[in-house]
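Shown next, in structure tokens, is the structure this report addresses.
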Amino acid sequence: MSNLAKENENSNSSLEEEAQYYGEICLGTPKQCFNVVFDTGSSNLWVPSSKCCLIHLACWVHKHYRSLFSCTHKADKSKFEIHYGSGSLKGFLSQDVLRIGNITVKNQTFAEATDLPGLVFVAAKFDGIMGLGYPSISVNNITPPFDNMMKAKLLKNNVFSFQLCNSNKTSQQDNGGEIIFGGINHNAYVGKLHYIPVSRKAYWQIKMDKITIEKQRKENTCWPWNVLETTNSSTLCKDSCQGIVDTGTSLITGPSEDIKALNEIIGAQHAFGGQYIIDCQKLSEMPSITFHLDGRPYTLTPEDYTLQVRQAKVTACISGFMTLDIPKPTGPLWILGDVFLRRYYSVFDRDNDRVGLAVSKQSSCGSDGKD
């Protein structure tokens, strides 16, 4: 089990910085430790290199892997380049011992990042990223760390599971959640886990039946008449669509036309880029939004899908739904990021190629109950 830290949402003005969940890994002998995002939306491991180009600000503010200080390092030096939705980087490959909690992976190939352009990685609290996607999307066909764990039979079960804590339940120093390799924390969710088959083994991609937005209107009438209740319903993804469950994405993203329609329904106004703002006083009037996955409803309340960002003692509310058009043949895709995963405990099962979901028990965030 590895605990995850998290930046407090209320301390950040940039939405890209909101909800960074990260945990510790160590490379080399003796250990050199780094904070990394455990990312189900990619499949490579990288950390900043001691050879990081100092013209990039990110190279000044993060820990560096120093190959000369590790007696288990093996040189590779093949070139490496990877692109994310929020930034890209370049570097070269190395090989060393990887340690995560009590798990030791020998001869793990990873990237030493030397070029970290832009400001995305400057502001990040994490040093690097450890991808947990399928090997088919691994850059340079590198075997991902979890696949090496599977090959070496280091785990009781070839699964990993996440609980992401809400910021209003934890302070900036408190536990942001946990990731368990090889097991499930049964104290971390309510009810039963329900599993959804993976539809494409690249990202953790699943079929979404539809998305419904339910809005109730109540009118108080004179006694003795009862309160009048009517329900307005809207449906997106009517004929099913594809989504990926992605711990490395802060928000929920989708095709621009659908996200625009969804944000109009909840009363959000377009702000900049693909982001929308919400009147914080109207949360009680906003609808719940339900994702129907494998015949089961997974509902988010306005409190679940609204992010509060504080700057200069002023609190703004931002919609958790953002536009992202992923072109064919990979897309179009919805991305169910941390806005969704804070509400639902998630299990990623490689033995059976499926994703398990259950309502997260926020009151027990970080408690031990591993199977």
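We count from 1, first residue shown onward.
Placement of Cβ uses the backbone N, Cα and C atoms for every residue, glycine included.
Automatic, uncurated: that is what TrEMBL annotation is.
If you go by TrEMBL, C59 shares a disulfide bond with C52, out of C52, C71.
Listed in sequence order, the recorded positions from C52, C59, D246 having a Cα within 10 Å of the Cα of D39 (active site) are D246. For C59 (disulfide bond), the number of other Cβ atoms no farther than 10 Å from its own Cβ, over all displayed protein chains, is 21. Non-local contacts of D246 (active site) by the CB criterion (under 8 A, 6+ apart in sequence, same chain) comprise D39, T40, G41, Y203, W204, I335, L336, G337. According to DSSP, D39 (active site) is assigned to a strand segment.
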